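Data first, discussion second: the structure below is written as structure tokens.
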Amino acid sequence: MPPSGLRLLPLLLPLPWLLVLTPGRPAAGLSTCKTIDMELVKRKRIEAIRGQILSKLRLASPPSQGEVPPGPLPEAVLALYNSTRDRVAGESADPEPEPEADYYAKEVTRVLMVDRNNAIYDKTKDITHSIYMFFNTSDIREAVPEPPLLSRAELRLQRFKSTVEQHVELYQKYSNNSWRYLGNRLLTPTDTPEWLSFDVTGVVRQWLNQGDGIQGFRFSAHCSCDSKDNVLHVEINGISPKRRGDLGTIHDMNRPFLLLMATPLERAQHLHSSRHRRALDTNYCFSSTEKNCCVRQLYIDFRKDLGWKWIHEPKGYHANFCLGPCPYIWSLDTQYSKVLALYNQHNPGASASPCCVPQALEPLPIVYYVGRKPKVEQLSNMIVRSCKCS
């Protein structure tokens, strides 16, 4: 028989130790966490980013904003920035969809381009080498609330019958009236109207990751160096001169549009919760009531949030942050919890459970001015892409 002192040991331990040393009982039952003030968390994240950017650029304070020259960036600087951003985007290619998420039906939505009577088209009406198609990102966001929900996006436009063969190109609108090349196509003569389709999934995801506004595409004639014919000979339904009467109504209804295929939010929440059982650290929060560790979206507008005008590009970015509790379960596969409990007894300032921290981070290219000289820099580890419990 063991000594009586050992038999009485459990009775001498304080109540918390009895709970910690009782197998099968989750430590989460002891939680006394208060409700999180999300606005306070966001403000602290914004202030942390302010210091982070200045520190990475080795600046004690923001450059004088009165020295920033007006007008667009020099073409060489803009080209360098665009190529840097494209390289970063290429390195962070979208992951393959999970089989379970890919199994379920996608909701299909059509988002029409902004009506041609909108003033945004005024500067483009007399241009003969291109046609322009603008979209309101708030309309896109109504159909797809979160970027991860988007499965596919296509730009659809209907061309009228044509007797001309022409090489055409598609561009994505960037700021400062610059355009990013997306692809090209050879259009052959046709006796009937024909629908053209372009995969723009990556572009629409970028728009969803930015603030609301007007974004667009340019559909242009290919300009070869040895050709003087730089006129687009393709007529597009909804953009070319309107027909009268009923034909005009049909013409307007068939104007270019985005065809969006996305997982409905309520279905995504179900898939998201099931994925948590397998991988807690690779998901965005699909609602404000998310209960576990995940990526919370946070868009930083340099002017509105930081009061900065000296960063010329981009105007802002999705910094994001990690938030949410991490499971602290007593089970056969988490016996290290015993060690953590003992560690905490001797280190009261240490965390009593795993913390929700960034796992994957991406860089942010920026263009800023030092005096009147523009500089292109890439700031490392600025965008939170996934979180983990650690």
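One-based numbering along the chain as shown.
Here the Cβ of each residue, glycine as well, is placed from N, Cα and C on the backbone.
Copied over from Swiss-Prot:
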DISULFID  Cys285-Cys294  disulfide bond
DISULFID  Cys293-Cys356  disulfide bond
DISULFID  Cys322-Cys387  disulfide bond
DISULFID  Cys326-Cys389  disulfide bond
CARBOHYD  Asn82  N-linked glycosylation site
CARBOHYD  Asn136  N-linked glycosylation site
CARBOHYD  Asn176  N-linked glycosylation site
REGION    30-74  region 'Straightjacket domain'
REGION    75-271  region 'Arm domain'
REGION    226-252  region 'Bowtie tail'
SIGNAL    1-29  signal peptide
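Taking each of the disulfide-bonded residues Cys322, Cys356, Cys387, Cys389 in turn and counting other Cβ atoms within 10 Å of its Cβ gives the largest count for Cys387. Under the DSSP three-state reduction, Asn82 (N-linked glycosylation site) is assigned to helix.
Each of the disulfide-bonded residues Cys293, Cys294 was assessed for Cβ neighbours inside 10 Å, and the highest tally belongs to Cys293.
Across the structure, Cys326 (disulfide bond) and Asn82 (N-linked glycosylation site) are spaced 38 Å apart at their Cα atoms. Taking Cα separation as the measure, Cys389 (disulfide bond) is nearest to Cys356 of the disulfide-bonded residues Cys293, Cys322, Cys356. It is 28 Å from the Cα atom of Cys387 (disulfide bond) to that of Asn82 (N-linked glycosylation site). The disulfide-bonded residues shown are Cys293, Cys322, Cys356; of these, the one with its CA atom nearest the CA of Asn136 (N-linked glycosylation site) is Cys322. Taking Cβ-Cβ distances under 8 Å and a sequence separation of 6 or more, the neighbours of Asn82 (N-linked glycosylation site) in its chain are Tyr174, Ser178, Arg180. Distance noted between the C-alpha atoms of Cys322 (disulfide bond) and Cys356 (disulfide bond) is 6 Å.
Cys294 (disulfide bond) is 8 Å away from Cys356 (disulfide bond) when you measure Cα to Cα. Each residue in the region 'Straightjacket domain' (30-74) has a pLDDT score, and their mean in this model is 77.
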